[in-house]
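Chemist: Pasting in a structure now, in structure tokens, and then I'll have a few things to ask.
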Amino acid sequence: MLEESESKEPAMNPFQKNESKETLFSPVSTEEVPPRPLSLPKKPSPKICGSNYPLGIAFIVVNEFCERFSYYGMKAVLTLYFLYFLHWSEDTSTSIYHAFSSLCYFTPILGAAIADSWLGKFKTIIYLSLVYVLGHVVKSLGALPIIGGQMVHTVLSLVGLSLIALGTGGIKPCVAAFGGDQFEEKHAEERTRYFSVFYLSINAGSLISTFITPMLRGDVQCFGEDCYALAFGVPGLLMVIALVVFTMGSKLYRKPPPEGNIVTQVAKCIWFAISNRFNNRSGDIPKRQHWLDWAAEKYPKQLIMDVKALTRVLFLYIPLPMFWALLDQQGSRWTLQATRMNGNLGFFVLQPDQMQVLNPLLVLIFIPLFDLVIYRLVSKCGINFSSLRKMAVGMILASLAFAVAAAVEIKINRMIPPQPGPQEIFLQTLNLADDDVKVTVLGDENNTLLEESIRSFQKMPHYAQLHLKTKRQDFHFYLKYHNLSVYTKHSMEEKNWYSLIILEDGKNISSMMVKDEENKTTNGMTAVRFVNTLHKEVNISLGKDTFLIVGEDYGVSAYTTVQSGEYPVVHCRTEDKDFSLNMGLLDPGTVYLFVIINSTNQNPQAWKMEDIPANKLSIAWQLPQYALVTAGEVMFSVTGLEFSYSQAPSSMKSVLQAAWLLTVAVGNIIVLVVAQFSGLVQWAEFILFSCLLLVVCLIFSIMGYYYVPIKPEDLQEPADKKIPHTQGNVINLETKKTKL
């Protein structure tokens, strides 16, 4: 998780080495500010231990650490919350996740406008942090099973996420720039080091929270299930701490007043140029060298020249959203993929949503690795590794990451039991008698199709595949039990799974055929069903909104999906007795059968077996795709903003950052659209994104090939150049042509 920030001071280098894909910007104004009345010099702010660092920045850094912990900690468990708690589909969970992410990158525009045009940075941070905290409270309440039903939880969750998006996005452009405002002009070096510490706090907050909150969700039980309320509540508490810490330093801060919003000025300048050109489209009016020259009647020449330079860079931003569309799926599609994998690493059991911790961890490793080793080696080989080429390579790496993700997805699907085809069935036999039973399956002409000897309270090691001559066929079964031989007949239909259950009735045995459900598990969850050998109906409670009624005398329940984890106490009751069953540890993706039997003691017990074993593919297979996409992020994100800043005037930095954030927002919207309307299986969707990014990379490379970089001295207007004289609606502007 890369984050970038910058100060309004032109002397400062905005490109720190531990940057991030999130951009914190502080719009500045090009409008002339009227002279302010002279005032007495202010008392210098207190310093940290006699250094040149203002004491107030300590509060700002701690505030940023807590806020990033709050945001990334909440977001880490969000997809599984949608999937398992709200019981949304994978596509809906993915869509809402990316809609929320997109909103988080749209709202910084609003936050910057409020701070620079109305309230100032300090008040904006305070007020929107209160909105942020309120969003966490509402979101945590929506994760409490005891509050309302499904509709209440959904409404509270969406309202809470909307408030969080407004809060986190609104303060994003303010906090880093507000910290830069605390330094005096003569302390530029200290300010640069401050930003390094600021970025460290960002990555530390995201790294720690992405590891801890999934543990709070999966390892702590609330109301008999995963504790999402705690996983959301702890980040909410950190946001409260962030607000309190920031407020405590109020008397130590320098609080510059609002100075106007350059983003608004640029938008007005572009709009006026377009409308003025449209109003003067007559052939009698001389053409101008650039379409932005039509704004000269209202806006100063320097602003117009700056906007021209800006539009050249913004043109290169058009392909960028596709990269973010792939990068931000680490918290959605890749997390869902991890739910279908085995998280047991031997020394530690990794939760599916904990895999996201690899991104900030690898960012901290890759940034110095690329800067100090890889880029230098490439340079020594005589290769001109320009900024645009680095961005293109970053796109290729992200595309390869999704190709690897598709390969992993195909491997997962191959380990799932195959589905029966036309004129095929899958059959297993379960022996509930007190001794061995030999089972022979006979065809229409009494030819032996299957012969198995099954021990007491055991089942066949796997499903057997039987072929039918028609869509529905009668099969004859010969059961040998002690000296007793039993013939029985059952009818089965193609493309289905069946379980033959052998029952004991005194000294006799009988059998019943149970049709199993297809696709017993989804989303890596665990599926369970029960066989009740008692003479009374049993009611079973498996958690919130999950209740089963299993009929007496070998009644069989339907398959029910539950979350994996420990189930030491499952409450059950009959018409005259309450008791509990110990179901033990349920592994993700496994299908279990529990047989409720009378035991020698007072209470019944559950005999446990696996119908379908868990997926054995280790979650560690996701490591290559995380490494590739993070390497692509380091090459794309850091280099992209650095190149942008070098190609546009310093007055346009905040506009560039705003546009950069918007590319992230649009990228998340792309994922939302594809998830809702593509209808592809998961591996095919990964291939689609990989191919789309390759096509976009080709387009970007062509655009970059014809792009002529601007020199820094060309961004400033020469001192001896005069503003041309205007006559009526015609203006003669001299502009430097560039090849695009």
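Using N, Cα and C of the backbone, Cβ positions are placed for all residues, glycine too.
Unlike curated records, TrEMBL annotations are generated automatically.
Keep in mind the model is a prediction, meaning the values are calculated, not measured.
Checked TrEMBL, it gives:
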type	residues	note
REGION	1-41	region 'Disordered'
TRANSMEM	69-89	transmembrane segment
TRANSMEM	95-115	transmembrane segment
TRANSMEM	127-148	transmembrane segment
TRANSMEM	154-175	transmembrane segment
TRANSMEM	196-216	transmembrane segment
TRANSMEM	228-246	transmembrane segment
TRANSMEM	309-327	transmembrane segment
TRANSMEM	357-378	transmembrane segment
TRANSMEM	390-408	transmembrane segment
TRANSMEM	658-680	transmembrane segment
TRANSMEM	686-708	transmembrane segment
Chemist: Is it the case that the transmembrane segment (686-708) and the transmembrane segment (154-175) have 3 or more CB pairs under 8 Å, with pairs at least 6 apart in sequence?
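Modeler: When sequence-distant Cβ pairs are counted, the transmembrane segment (154-175) does not touch the transmembrane segment (686-708), since fewer than 3 lie under 8 Å.
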Chemist: So if I exclude everything within five residues of the ends of the transmembrane segment (228-246), which remaining residues of that chain have a CB under 8 angstroms from its CBs? That is, six or more out.
Modeler: 59-60, 62-67, 69-71, 73-74, 77, 81, 85, 125-126, 129-130, 132-133, 136-137, 139-141, 143-144, 209, 212-214, 216-217, 220, 222
Chemist: Six or more residues out from either end of the transmembrane segment (95-115), which same-chain residues have a Cβ under 8 Å from its Cβ atoms?
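Modeler: For the transmembrane segment (95-115), the far contacts come to 24-27, 75, 78-79, 82, 88, 121, 124, 128, 158, 161-162, 164-166, 168-174, 258, 261, 263-264, 328, 331-332, 654, 658, 661-662, 664-666, 668-669, 671-672, 675-676.
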Chemist: Between the stretches 69-89, 309-327, 357-378, 390-408, which one has more Cβ pairs under 8 Å with the transmembrane segment (658-680) than any other?
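Modeler: The stretch with the most close Cβ contacts to the transmembrane segment (658-680) is 309-327.
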Chemist: Six or more residues out from either end of the transmembrane segment (309-327), which same-chain residues have a Cβ under 8 Å from its Cβ atoms?
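Modeler: Answer is 21, 266, 270, 292, 388, 394-395, 398-399, 401-402, 629, 632-633, 636, 640, 644, 647-649, 652, 655-656, 659-660, 663-664, 666-671, 674, 689-690, 692-693, 696-697, 699-700, 703-704, 707, 710, 715, 738, 740.
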